[in-house]
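Sharing a structure with you now.
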Amino acid sequence: MKKDLTNIYLIGLMGAGKTSVGSQLAKLTKRILYDSDKEIEKRTGADIAWIFEMEGEAGFRRREREMIEALCKLDNIILATGGGVVLDEKNRQQISETGVVIYLTASIDTQLKRIGQKGEMRRPLFIKNNSKEKLQQLNEIRKPLYQAMADLVYPTDDLNPRQLATQILVDIKQTYSDL
């Protein structure tokens, strides 16, 4: 199967390793890594938690949709998406049509460990929620959407970002052209 598209999109729940693997993919391919949440923060001058607080999740998702639309117009990029990017049909369509979609998975315990290590328990969907239960709930809702979009799927529980990035590139080259 050939897919003549040059962007690589990383999808999955928070703590799945999208940014870590994306950073290694960017180094190996000499491409620019974009993180959609960080790009939203740059554009607005506000952090994601503040946007959620002031505009609610709907306001954040609107900003996310605009950012995804802009980033999908670029070529030869690596994009680590926000975990909820799949909730919007337009996002799913644009991402699927403009690149190879890599779904990174991890156990809930691994995700919690990674999120805690990064000091990211302030994430908007964690505030006022039991973290483990919230991740399980998010996974139940989003997993079918991630799976439907995914061209390739990788578990990251025993993550070595460099090795996984190398394997992803090998698999992409074996499966698709022009990447």
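Any Cβ shown, glycine's included, is placed from N, Cα and C.
Relevant sequence annotations retrieved from Swiss-Prot are reproduced here:
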{"type": "BINDING", "residues": "Gly15, Ala16, Gly17, Lys18, Thr19, Ser20, Arg122", "note": "ATP binding site"}
{"type": "BINDING", "residues": "Thr19", "note": "Mg(2+) binding site"}
{"type": "BINDING", "residues": "Asp37, Arg61, Gly83, Arg142", "note": "substrate binding site"}
For Ala16 (ATP binding site), what is the secondary structure state per DSSP, taken as helix, strand or coil?
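The residue in question, Ala16 (ATP binding site), is coil (DSSP, three-state).
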Using other CB atoms within 10 angstroms as the count, which residue among the binding-site residues Thr19, Ser20 scores least?
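Comparing Cβ neighbours within 10 Å for the binding-site residues Thr19, Ser20, Thr19 has the fewest.
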Near Asp37 (substrate binding site), how many other Cβ atoms are within 10 Å of its Cβ?
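The answer is 23.
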By CA-CA distance, flag whichever of Asp37, Arg61, Gly83, Arg142 among the binding-site residues is nearest to Lys18 (ATP binding site).
Gly83
Which one of these binding-site residues, Lys18, Arg61, has the sparsest Cβ neighbourhood, judged by other Cβ atoms within 10 angstroms?
Arg61
Measuring C-alpha to C-alpha, could you say which of the binding-site residues Gly15, Ala16, Gly17, Ser20 are within 10 Å of Gly83 (substrate binding site)?
Gly15, Ala16
